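Feature annotations, courtesy of TrEMBL:
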SIGNAL    1-16  signal peptide
DOMAIN    1-129  domain 'MARVEL'
TRANSMEM  35-56  transmembrane segment
TRANSMEM  68-91  transmembrane segment
TRANSMEM  103-125  transmembrane segment
DOMAIN    136-287  domain 'MARVEL'
TRANSMEM  137-158  transmembrane segment
TRANSMEM  170-194  transmembrane segment
TRANSMEM  206-229  transmembrane segment
TRANSMEM  262-283  transmembrane segment
Amino acid sequence: MGYFLRTLQLLSTCVAISLVGSLDSWTVPTSNWSFVILCFCFVVTFIILIIESLALQYCFSFSWGDFLLCHACYLALFCLLVSVIYPTTYVQFLFYTPSWDHAIAATAFCFISTVSYATEAIWILRWPQTGDFTGYIGSLPFLLKMLETLVACVILPFISNPYLYMDHPLLVSCVAVYSICFILGIVTILLNLADLENRLPISSSMFHLMLSQLSVLLYIGALVLWALYQFDEKFGGQPERSRDVSCQQRLTNYVCTWDQRLAVAVLTAINLLIYVADLVYWARQASAGTEDQPGDC
C-alpha cells in the first residue's frame, strides 16, 4: 500500500511540475510558489521511497511513524493549498488562452496528489500504535503549529513582490516577522519529532509558552504596521481598491497589488488568532504546573 501511494504521489507531482513549468508564468509569484511547493513534495517523497527501499529508517533515532504521518499531513495540505491558490490567483486570468488546458491539468494533478497524501495519512493512522509513534502527531499542539507554519507559507507568495514593502523599513520588519516565526515553528516541530525537548534547560511548557508569547507580540506588531502603511493614507497607503491601476484595468494576469496587500493582512490576522490559541493552551499548561506532554492531550 505504501509503495503504491508513493508511486502515485511521485507521478502526480512530477506531471504537475512539468505542466506548471511549461507555462510562461515565471513572473507570477503564486505560480512560482506552486512550482516550488510541488518540487518540495516530489523530492521529499522520493527520498522517503529510497530510505524505505533500502530499509534505512531503522538507522534513525527518531520515531519513523511520527515522521511519516507528519510528512503525509503536511504535504496533503500543501498540495491542497496549491490546488486552491493556483487556479484562483492565476488560472482564472488566462481566459481560455492556449495555456488554459495545461493549467487546468496541472490543477487536477495537484488534487490527485492531495488525495494520495491524505490517503497515506489515514492509512498510517490505522497502523497499530506501537513504539513507532510518540503521540505528538495528531495532538492539539502539533495541529496549531502545523496551521501556523502553513499560513506563514501561504503568506510568502504574496510578499514576494518587493514593491509592497521595500519603500518602508517597518514593512520590511513585517516580512522578517513572518520568516522568523515560520522558522521557529519548524524548529519546534523538529525538536518534538526528535524527542530533544527534554534536553532543554527549561521545562517543555515554559519553552512553548515563551515561544508563543514572542510570536504573538511579533504578529501583533506586524498586523498593526502592515495595516497602517498599506491602507492608511496618512502613512502612504491605499484605502480603496479602485485606486490601484492594476486592479482597475486588468493590466496583469495575476492578483493585483491591492489584493496582495489585503491577502497578507487577512492571513496575518488569521495566524495571529492561531498563535493566541497556542498561547492560551500553553499558559494553561504552565499555570496548572503540569508537564502534560502533547501525546497525553
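FYI, residue positions are counted from 1 along the chain as it appears here.
Cβ coordinates are placed from backbone N, Cα and C, and glycine is handled just like the others.
Sequence-distant contacts of the transmembrane segment (35-56) (same chain, at least 6 residues past either end, Cβ-Cβ under 8 Å): 2-3, 6-7, 9-10, 13-14, 16-17, 20-21, 68, 71, 75, 78-79, 81-82, 110, 113, 117, 153. Taking DSSP states H, G and I as helix and E and B as strand, the domain 'MARVEL' (1-129) has 104 helix, 0 strand, 25 coil. As a whole-number mean, the pLDDT of the domain 'MARVEL' (136-287) in this prediction is 86.
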